[in-house]
Amino acid sequence: MTTPTIVLVGHGMVGQRFLESLADRGVTERARIVVLCEEPRPAYDRVQLTSYFSGKTPDDLSMVEAGFMEKHGIELYVGDAAESVDREARTVTARSGRVFAYDALVLATGSYPFVPPVPGKDARGCFVYRTIEDLLAIEEYAKTATTGAVVGGGLLGLEAAGALKGLGLDTHVVEFAPRLMPVQVDEGGGAALLRTIERMGLTVHTGTGTQEVVTADGSVTGMKLSDGSELATDMVVFSAGVRPRDQLARDCGLTVGERGGIAVDEQCRTSDPAVFAIGECALASDGRVYGLVAPGYEMAQTVAATLAEEAGEGDGFTGADLSTKLKLLGVDVASFGDAHGTAEGCLDVVYSDSRSGVYKKLVVSGDGVLLGGVLVGDAEQYGLLRPLTGTVPPVSPEQLVLPAGAGAPVALGPSALPDDAVICSCHNVTKHAIGACSSLAEVKKCTKAGTGCGSCVKVIEKLLPAPADKGLCGCFSYTRSELYEIARALRVTSFAALLDSHGREEARGGEGCEVCKPTVGSILASLNNGYILDGEQASLQDTNDHFLANMQRNGSYSVVPRIPGGEITPDKLIVIGEVARDFGLYTKITGGQRIDLFGARVDQLPSIWTRLVDAGFESGHAYGKALRTIKSCVGQTWCRYGVQDSVKMAIQLELRYRGLRAPHKLKSAVSGCARECAEAQSKDFGIIATAGGWNLYVGGNGGATPRHADLLAQDLSDAELVRLIDRFLMFYIRTADRLERTSTWLERLEGGLDHLKDVVVHDSLGLCDELEALMAAHVADYQDEWAQTLDDPERLRRFVSFVNAPEAPDPSVRFVPERDQIKPDLTILTLGRTNSTLEGASSR
Amino acid sequence: MTTLTTLTTTTLEISPDPGSWVTVCEEARLTPGRGVAALLPDGRQVAVFRDRSGRTYAIDNRDPFTGAQVLSRGLLGSAEGRPFVASPLLKQRFDLETGRCLDDDEVTVTVFPVRVTSHV
Ligand code: SRM
Ligand SMILES: Cc1cc2nc3c(=O)[nH]c(=O)nc-3n(C[C@H](O)[C@H](O)[C@H](O)COP(=O)(O)OP(=O)(O)OC[C@H]3O[C@@H](n4cnc5c(N)ncnc54)[C@H](O)[C@@H]3O)c2cc1C
Ligand code: SF4
Ligand code: FES
């Protein structure tokens, strides 16, 4: 018996889903699978295409898990398209000349953007918006452009317009229909949408067609519109709909629809039973071509089931939901079900507030069944309403559209949804299936729900069991940020007071624990700026903070003096060398552009620091959840590429934020140009010089889960930069959880980067004055902890190995030589006794 | 005004072996919620703690998980009303009254009796 061959033409979103379904069903083990992929890269997430402009790389967008093809023995030909099909011989010929014989052929060729046949449409500066290559080309061209126009005001057109705007272009949208998103929203919704879009700074021309693209020397210079006006523009992006790519099918004589699309039956079989068509290229048995990914996924599964010869062959594909939500910066638009109210006898329930740009319409049947709706300006309820479509909602439709506080008593909870309600329409996942999981990560892994357009994530989160207890620890039922607010509002200055007034009932009057004590200690330190080791605060700090040094594995300490920006004079270098030599310390250059001295006994710390402070050094806070280092590159002063003085800026910033206590450590770097030698994009806040000033990136992380920082603002002056960092840091300190780096905080922050921008750049919460004032207080009150400690004999008393023998060194801290320096002698530790004693009493 | 209490010093003592008591330090040296280390005549090290309510505890200073003499530098806490210290190195917690490790049933550290004596 020979192995059958399945050939897949087109490796897009649906094609990849088809391959996964084959693998899930074990078909990949029984059959040879060949894939022809026209694009220069394997399948990627086209739905999230626009997120490329907010920092996703083509790799991030990939839909193929590493090793997937190899694991399942799939032959993938990237960059090779199918050119012709010989149905008689059952072969496919590729552009490269390769010929593949098939037993089953699956066409998943997707669609192509329709470009209206206007003169000038092929000029330099004309683009479509479909592939990563399109976006790369748009991005490149936009660098030299100032104005851009998008032809088409539909879902994708607005997405493209948002992208052009984001690239800094003066952006126009030209829509032939009398309103934006004509397919999805009705007139009222269109009006609300128009206001919102215009408020974002885009210019909209509705009821206007494009007559001609005006060119000079082969490049776009403008557009002639049907109303006789002319629009000056440097580039044009066509987004006037898509057409199924059915040419291959036409050429080999398969039946195609009158208006395009490869005709298929419910099993997605074309007019030739050995050939299937799925996704956007298919004309489904209900007479529609679906331009959404969810129906394509269903088709992929249908065909995989058929090829796996599964009993019953499933239900087949009979049609799908056309609900959509716009993924555009700052605009909430959604439509679902029978949005235009075409069913007989149906009623509209409309809420409209033209000031705020909110418009909501629900369509209900005479007997109260929810048929569909349109939400503009506030699509919060989309995730809930969509699954309720087809049912009689548990509350009246009026209550569903009225805004909270306007007599709407209910926030309709996901608990009201029936078990078989489809929560994730991209992946067709029901409430029941989600109920079987216990975390969002698990839901994504097991059901894929939430991994498509992402619009269902909010509802999924509500369906999951709330983590039993969000409290910080066994002592507090509040989170760190809640405790911060409590301490700030009530001016709490003592841990004991906070525990006794706001701790869990059973923990009041107790000691607290190793989790809440340092956390509250840090909150009090960032609010009060006092010396952190006096009075009660002393008992809260982790050991490292308590001794202002980092404990090492044998109980000795490391000493890290601050070296702002990594700049150091030869004299200071010599002092560090001398101190290390005189105290016999191991020295190492750290990853943070400074020098670590290891192997100090606790009782040696004050003498070491006396020498360092005398030479002008300060604490480097290597021990604290505080600002660590601000690395720099050498920058403009020396480097031939530098465009700003990165060293000076790094020093200025390090001196400003030194000593700042935070939920976790803070790291930063400043690079003198885009070559980024200081690796600023891996930092909590990173700064890269531009010809016009500084770009500020936030939320970067190295460490265990690296994350590239996101661009927060561009071309800032020195003063603007400092002010924005002040706000950013204080907002983080105020709202982050314990041990949450800025990267994880930003990922968790509702609304993400956009929300952060709103708060710290646009001051949407009116918080900025207060944030700046808090930072100003920190800067004004900063004092070097080590100098403060050395000044006070009382504070120095803790630096002894033994309270009853202050002069005695700890005999368990010993070292052995290695590479001309020292290392801890661990053998004494394993022996368990530093002195052999007669008693031999076991310590167990 | 001079009162009797200001003339009184209160000293902490621990008993390393039945019947013998060793002076550690004045009670006031201990910050509530933290510890100190004391050296015994035989070279052993003891970690001595005082909690918020003034109760004192003494256990072996050696962290059994790393061998380092560091338990005195851990943070005090309470769980279900029982006091513990968390090792500053790998954070295992030890019950201050029994020496039992709360994070590993197999491990215990020695507990020493402590007393406070006042002298005028
Ligand atoms: C000394 C040093 C290694 C070296 O020899 O170069 C070091 C040493 C330690 N690092 Fe680090 N890290 C050092 C640079 C880094 C860097 C590189 C950098 O800063 O450019 C990173 C990755 C960048 C980042 O943080 O995003 C780094 C990521 C970590 C992490 C993982 C953080 C994360 O978010 O995943 C930890 C663990 C933690 O903090 O929870 C950590 C924790 C530690 C601790 C505190 C572990 C511990 O608890 O004992 C080490 C204490 C050192 C000590 O006793 O002095 N260290 N560590 C570096 C000190 C830099 C400095 O001058 O302050
Ligand atoms: C910007 C943007 C935003 C979108 N947003 C959403 C959304 O929010 N929700 C939603 O449901 N849908 C959205 N869509 C639509 C969604 O991307 C498509 O429905 C989906 O990609 C269709 O998958 P497909 O596999 O059928 O086609 P495609 O993903 O287009 O894949 C077809 C592939 O076949 C290749 N191909 C064609 N001919 C050949 C040949 N002869 N040989 C070899 N290869 C060939 C093509 O190059 C292409 O790579 C969006 C689309 C875009 C462009
Ligand atoms: S980042 Fe630019 S300025 Fe700085 S050292 Fe590198 S190349 Fe030079
Ligand atoms: S609805 Fe799109 S990911 Fe769930």
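Cβ coordinates are placed from backbone N, Cα and C, and glycine is handled just like the others.
TrEMBL does not curate its annotations; it predicts them automatically.
As written in TrEMBL, here are the features:
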DOMAIN    A:5-294  domain 'FAD/NAD(P)-binding'
DOMAIN    A:323-382  domain 'NADH-rubredoxin oxidoreductase C-terminal'
DOMAIN    A:422-464  domain 'BFD-like [2Fe-2S]-binding'
DOMAIN    A:552-613  domain 'Nitrite/Sulfite reductase ferredoxin-like'
DOMAIN    A:624-760  domain 'Nitrite/sulphite reductase 4Fe-4S'
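Contact between the domain 'FAD/NAD(P)-binding' (A:5-294) and the domain 'Nitrite/Sulfite reductase ferredoxin-like' (A:552-613) does not hold: fewer than three of their C-beta pairs are under 8 Å, each pair 6 or more apart in sequence. Across the range of the domain 'NADH-rubredoxin oxidoreductase C-terminal' (A:323-382), the DSSP-based residue counts are 1 helix, 30 strand, 29 coil. Assigned with DSSP, the residues of the domain 'Nitrite/Sulfite reductase ferredoxin-like' (A:552-613) fall into helix, strand and coil as follows: 29 helix, 14 strand, 19 coil.
Applying DSSP to the domain 'BFD-like [2Fe-2S]-binding' (A:422-464) sorts its residues as follows: 20 helix, 5 strand, 18 coil. Each residue in the domain 'Nitrite/sulphite reductase 4Fe-4S' (A:624-760) gets a DSSP state, and the totals come to 49 helix, 35 strand, 53 coil.
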